[in-house]
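**Q** I have a structure I would like to understand better, so I am pasting it below and will then ask my questions one at a time.
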Amino acid sequence: MWIEATIQLLFLALLTSAKRYWDAELDKQLEYLELADCPYQVEAIGCYKDDLNRALPSEILNSRDRTRRSIFMEPQIQWTNYNHWLANFICQGARKLFEKKPNTFADYIGVQFYGEIWANLDEEVRTKYNKYGSSLNCVNGNYKKVLSHKPTQCGLFVGDELANYVYKVTRYNKDEDSKTCPYFESSGCWADNDPYLKPHQRPMTVYKMNERDPYINNWNKKLIDWGNWGKGYLGDLLCRCAELAKKENMKYFSIQFYGECWLGNNETNFKRDEKTDRCVDNKFDVCDVDQKTKCRAQLCAGKWKANKVYELKQGPHKCATSPCKNEGKCLTIGTNDYVCQCKKGFGGDQCEKGSPAVNPTDEIELS
Ligand SMILES: *[C@@H]1O[C@H](CO)[C@@H](O)[C@H](O)[C@H]1NC(C)=O
């Protein structure tokens, strides 16, 4: 009897420590890239050596060699548009991984030799992507060598032959709201030096909504979710505020004091007080004033007396103009770009080349 109990206890202890390990891992997340329309969080880990006895043993996706039929995916490497192509490729790698490991919440993929994705498909074994040590044999999407094996620069990276650029990919439950989140870009972190002025005299002129103070009549009937402030709440708040700006036809919106949504149309006005470092990112770290050093600079909010300002970009997404000819599929990548996935027999950036005589009805296989 007590043996059974002991085994159960041991098992529980093991589970708890595994969970704690994952939580700690998630907490020390580096800056990660947000690939629009990619339903996974993709975090750059670094450049690592590989060997013929692979650190990540299973090749799950290949877009360089059509003879690898079972794992080959169109479109093949687009060398002249590589940066953009790579963004979609990495996202497809994450998709493939979670398809193969349906019970896994977060794991690593290695992007190697420009068009291969490697992973560990064994649920029982912890991934050892760093088994052979770090490497500098990786490049960014413009073929520039990395300066460090760690992700010190923004952008996407890939390993050359026998090197993995490793990414941690996490399932990311975008809710219905954030799926329709309007596209916006950072306009910096600006002081609001006199919070006792009337709202219309402040740098951002319309105090539209708040989620911090139920006694103000623009309260949004929900309160700042401090426990999840950096883990989902902030992103959702930004989307809610962006929606309001769109509805009110305002060009700019800002988050002030962690949970206030302000709108404005006048750039001179919101830059009236000086630039400030009183904005924080999702880990409460100072959000770079000039937005140059942080990849994830978009997800920030002003503290007290500061506006983290965003400009709403209302233009339709490039895919909305149906740029892909001959029934090619338009895949959105990055924040506002696309690649065309052509039907068999067609090619070119917009699937404009080719003849429909070649299997016109065959769908390109995604997997
Ligand atoms: C914008 O704000 C500045 C001062 O903050 C003001 O002088 C200017 O007239 C405003 N522009 C418009 C178009 O309202």
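For all residues, glycine too, the Cβ spot is worked out from N, Cα and C.
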**Q** Could you tell me which of Cys330, Cys351 is bonded to Cys342 by a disulfide, according to TrEMBL?
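**A** Checking TrEMBL: disulfide partner of Cys342 resolves to Cys351.
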**Q** Tally every other Cβ atom lying within 10 Å of the Cβ atom of Cys351 (disulfide bond).
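**A** Excluding its own Cβ, Cys351 (disulfide bond) sees 22 Cβ atoms within 10 Å.
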**Q** Which whole-number mean pLDDT does the model give the domain 'EGF-like' (315-352)?
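**A** In the predicted model, the domain 'EGF-like' (315-352) has a mean pLDDT of 71.
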**Q** Taking the Cβ of Cys342 (disulfide bond) as the centre, how many other Cβ atoms fall within a 10 Å radius?
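**A** Excluding its own Cβ, Cys342 (disulfide bond) sees 24 Cβ atoms within 10 Å.
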